[in-house]
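Notes for the one structure printed next.
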Amino acid sequence: MSTAAELEDRLEYLESRADGFASAQDLDTAWIIWCGILVFLMQVGFSMLEVGSISPKNTKAVLIKNLTDAALGAICWWTLGHGFAYGKDVGGFIGTDSFAFSGKATYQDDGRGVEIAHWFFQWAFAATAATVVSGAVAERIKIAAYVQLSVLVTFLIYPVVVHWAWSEGGWASPHRCEDTTTAADYQLCREESRALLLGCGATDFAGAGVVHMTGGA
């Protein structure tokens, strides 16, 4: 039976480990936010590219379209897009909960910062997917039509593709069976309907397919 001194030593050890985990989580959160900022700055790059390829009289329209991607994209991604992308899986096709962060932990709970940072990072990608379209339709589309297209991309089209590839339950995800609890369940998962696409799943590390191919399509 452990003595009081031994229990105190163990408690101090566990507290030190917990502090280490918290520090690592803070670093992860800061890194995700920084990456999200860099992705968001792609909006500036796309704007410069598009402005340089059109006549001066349409410069204002192009800049408005890129601002629209960011502003409306944030609303669409928060209300529906994030839930469709990372909510509870249905048939490997789409998420069905966590809309507007419903059902998530409170701001005070551990891990909330990482969730919000991940939301910010993915919102920047969602806006980028819509902006890819902007470059192709510069001087060829009315603002009202582009607004509708931007909303559709950020709240439905892009989130569904994200769920396919980046959500654990997506039909193309390489992580489909990682939520199983035992080796037997994992093997059964691999053998049955949740087997990985082509035996390995589709790994898209930085969005070459999920973001840019979706925007281009």
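Just so you know, glycine gets a Cβ as well, placed from its N, Cα and C.
All annotation found in TrEMBL is predicted automatically rather than curated by experts.
Feature annotation from TrEMBL assigns domain 'Ammonium transporter AmtB-like' to 30-216. Mean pLDDT of the predicted structure over the domain 'Ammonium transporter AmtB-like' (30-216): 81.
Taken from TrEMBL, the feature transmembrane segment applies to 31-49 (among others).
The transmembrane segment annotation in TrEMBL covers 61-80 (among others).
Under 8 Å from some Cβ of the transmembrane segment (116-138) lie the Cβ atoms of residues 28-29, 32-33, 35-37, 39-40, 42-43, 46, 49-50, 53-54, 58, 62, 65-66, 69-70, 73-74, 76-78, 81-82, 85-86, 101, 146, 149-150, 153-154, 158-159, 162, 207, 210-212, 214-216, all in the same chain and six or more residues away from its ends. Annotated transmembrane segment per TrEMBL: 116-138 (among others), in sequence order.
Residues annotated as transmembrane segment in TrEMBL: 145-166 (among others).
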